[in-house]
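Engineer: Here it is: the structure, laid out below.
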Amino acid sequence: EDDFQFILCEGCQQESPDLKLLTCLHTLCLNCLSKNKPIGHCPLCRTAIPQASDIADMDNLLFTNLQARLKIYKMIIDGVDLFCDNCKKAGEFWCSECEEFLCTKCFEAHQRYLKRESHEAKRVMDIRAESAKDFLEDTRRTGDLSCPNPTHKSQTVSIYCKKCCKPLCCICALLDSQHAPFCDIRSETRRRQEELGTISQELKEKRSSFEATYTVLQDEAARLEQVQREMRELIRQRVEELVRLIHREEEELLGLVEAGQEQGRRELERELQRVERALQRMEAGERLVEKMNLYATEQEVMDMQPFIKDSLEELQRLQPPAAGDRTQPREFAECRARLQGL
């Protein structure tokens with residue numbers, strides 16, 4: 001059965017009597033084509049179906065007929081329903097031309113009345129000893145075409161008209177003298193097979209170039225994926241490095257802030273102490289002058305006034321520092337500059 005999986009629908013992998021051959025040369029059943037989304041395209045390769053109905057109008061007669069012939073072979077192998085198609089007795093022979101099972105008696109009559117025909121009935125036992133390929137080869141008929149003329153349906157086609165591009169029976173060929181010369185139908189079928197073989201060989205050569213291109217594209221896709229992975233890793237490494245640098249910069253800037261804060265604190269402390277001492281001296285001077293006015297004698301005023309005057313005048317010359325006009329520590333300026341750089 002593995003040798004004949006190709007006759008199944010390529011979509012659902014099932015046997016079907018309604019196999020359609022698409023222009024992309026895929027074979028699908030009507031069920032798969034009707035369920036296909038989007039309608040009007042091959043569900044396997046997405047090639048558009050040119051028919052207006054969105055369903056291919058070419059039946060795959062080869063696969064359908066192979067299915068039918070293989071069913072006959074399976075019946076013979078399994079020994080199921082092998083009855084004579086004429087008298088319903090046990091079928092001992094099979095005629096591929098008549099497509100009938102025959103008992104021994106009907107076989108003898110068949111051979112007697114059709115002795116001038118090319119019918120070759122084979123024993124069922126002999127067919128069972130054959131392979132499926134042998135059975136298909138034996139039942140492969142070349143003269144089963146019917147004449148397209150309705151009045152000559154019973155005539156076997158053996159002639160091909162090259163001008164009309166259609167097969168003819170002998171009667172049609174004799175009556176149609178305008179289209180002569182004709183050729184033998186077998187030579188025409190052989191020519192068509194050879195033509196398909198030539199095209200197939202050319203396609204094999206073209207396919208090799210497509211396969212090479214496909215390999216190159218796969219390599220490019222793999223390289224693109226590799227470059228993407230490398231770039232992602234590089235970005236990750238650089239970001240980690242930048243994070244480390246920023247953390248290091250953070251520690252240094254915080255150190256500068258601490259140093260600047262310490263320097264500013266010391267300077268403010270010195271200013272506070274100087275202002276505090278000046279206030280203490282002013283308070284002491286005010287108290288001393290007040291006490292002298294209350295309790296000092298003239299002799300004490302004469303003796304102490306010059307000294308107190310000099311001290312008070314010195315205090316008058318002192319100026320308080322301007323509030324809010326203090327230069328920030330050098331470390332703070334450096335910190336701002338480095339932040340701006342980041």
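Each residue, glycine too, has its Cβ placed from N, Cα and C.
Keep in mind that what you see is a predicted model, and the values were worked out from it rather than measured.
Pulled these from TrEMBL:
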COILED    200-288  coiled coil
DOMAIN    9-46  domain 'RING-type'
DOMAIN    83-121  domain 'B box-type'
DOMAIN    142-179  domain 'B box-type'
Engineer: Using DSSP, what is the helix/strand/coil residue split across the domain 'RING-type' (9-46)?
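Structural biologist: Computed counts for the domain 'RING-type' (9-46) are 6 helix, 7 strand, 25 coil.
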Engineer: Residue counts in helix (H, G, I), strand (E, B) and coil for the domain 'B box-type' (83-121), per DSSP?
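Structural biologist: Helix/strand/coil tally for the domain 'B box-type' (83-121): 10 helix, 9 strand, 20 coil.
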